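Report on the structure given below.
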Amino acid sequence: MQYGYGVVGVTVMLESMGLPLPAESLIIAASLYAGSTHHLEIRWIATAAVIGAIMGDNFGYLIGHTVGYGVLKKYGRKIGLTEERLILGRYLFKRHGGVVVFAGRFIAVLRVFVALLAGANRMPWHSFLFFNAMGGIVWAGGYAFVTYELGRQIEKISGPLGITVGALGLLCLGGAFFFLKKNEKRLTEEAMEHARLEEQERQSRPHAKGKPS
């Protein structure tokens, strides 16, 4: 089962570079498996996930910085980076900078594209690296160890009580996913509204200059 650590690390790295892969689900599944069977070491699952997250984000940052915003706008839709998500990224980076890199780890749509957007929006690399590392450690390590502990408790408790504990754990994870999706929609709507206002302002400037004083 030693190859399992590599699968976790590579999957997390590729998702962090911008490919829409189920890295979070894989960390949860591997950690639950480790907690309930002890066939995998949780410390190595967490280490692989953290390294994959940091490496993948830095590769993604480099790609975004190299190709620029215009190329992402033209071709990003092929990997799910729609115009709405580009607008959302620019809107958030203008206002929150490094906080977006850290918090983006916990929001599915941002986790996949945050590194590309950070590079395309020319965020300073040293700031990106700091918030990226902090986010990767908390996200990957947190998911791994919390889920591992849940797996251990399920193993200890048998019968209806064990099923109830497992169901409650899954319900909590589902509730967190729903909350994040709801906030993703709200943020996107705010970003789109802000972009529309900016576009209207740009269009009105030439007319304003042409008006007699």
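Keep in mind that glycine also has a Cβ here, set from the backbone N, Cα and C atoms.
What TrEMBL says about a protein is an automatic prediction, not a curated fact.
Pulled from TrEMBL, these are the features on record:
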type	residues	note
DOMAIN	22-148	domain 'VTT'
TRANSMEM	99-119	transmembrane segment
TRANSMEM	125-146	transmembrane segment
TRANSMEM	158-180	transmembrane segment
REGION	192-213	region 'Disordered'
COMPBIAS	192-204	compositional bias 'Basic and acidic residues'
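Per-class residue totals from DSSP over the domain 'VTT' (22-148), listed helix then strand then coil: 113 helix, 0 strand, 14 coil. Averaged across the domain 'VTT' (22-148), pLDDT in this predicted model comes to 88.
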